[in-house]
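**Student:** Next up is a structure, given as structure tokens.
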């Protein structure tokens, strides 16, 4: 396993982590009263857009999973539209799952959907950038020993950490503390964000420490 590839992964992941920090700080210079807690819905939109944009740019620049086959312009457009549809379907699916786990069905619909968009950005968008709209490839990557590259291993770790972070973030909501960050969905979205950032840092370090044991086979 090449050390240069691991360094590229680390650099890309650190850029994604920095983009989240900037999404929480920079808008305050342009939007009056902006804060992660005070204007949480605005922050959800800004964070989702920043992370999504950077992920797409990094994928286009680094091309971690480039196919040797050349695609026609029409095929590229079709692939792009499929990715958009898959992302929207992911937002709807996450929204439904969140409601099934106890989020308000009618009230706070906007909050729930924007939280679903954030989760989709941390998980589904990464899958679309790396694997494309290929459900079979997604199933392979998230199956046991299914990763075929360090990028797919990183994808596994960051997606799992994001979902676990969102799940753990729900624990403080029912507690009678009357804290501003207990308002739905602040603690969940912050949990997902911290989980995603933790995954971004853990993934390259874990891959580096276990590089001698990791053997990727082509399928």
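Every residue gets a Cβ built from N, Cα and C, even glycine.
According to TrEMBL:
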TRANSMEM  9-29  transmembrane segment
TRANSMEM  41-62  transmembrane segment
TRANSMEM  83-106  transmembrane segment
TRANSMEM  112-132  transmembrane segment
TRANSMEM  153-171  transmembrane segment
TRANSMEM  183-209  transmembrane segment
**Student:** Residue list, the transmembrane segment (112-132) vs rest of chain: Cβ under 8 Å, 6 or more residues beyond ends.
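**Tutor:** Sequence-remote neighbours of the transmembrane segment (112-132) are 41, 44-45, 47-48, 51-52, 55-56, 58-59, 64-65, 79, 83, 86-87, 90-92, 94-95, 98-99, 103-104, 138, 141, 151-152, 155, 158-159, 162-163, 166, 184-185, 188-189, 192-193, 196.
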**Student:** Same chain only, please: residues at least 6 beyond the ends of the transmembrane segment (83-106) with a C-beta under 8 Å from a C-beta of the stretch. Say none if there are none.
**Tutor:** 112-113, 115-117, 119-120, 123-125, 128, 132-133, 170, 184-185
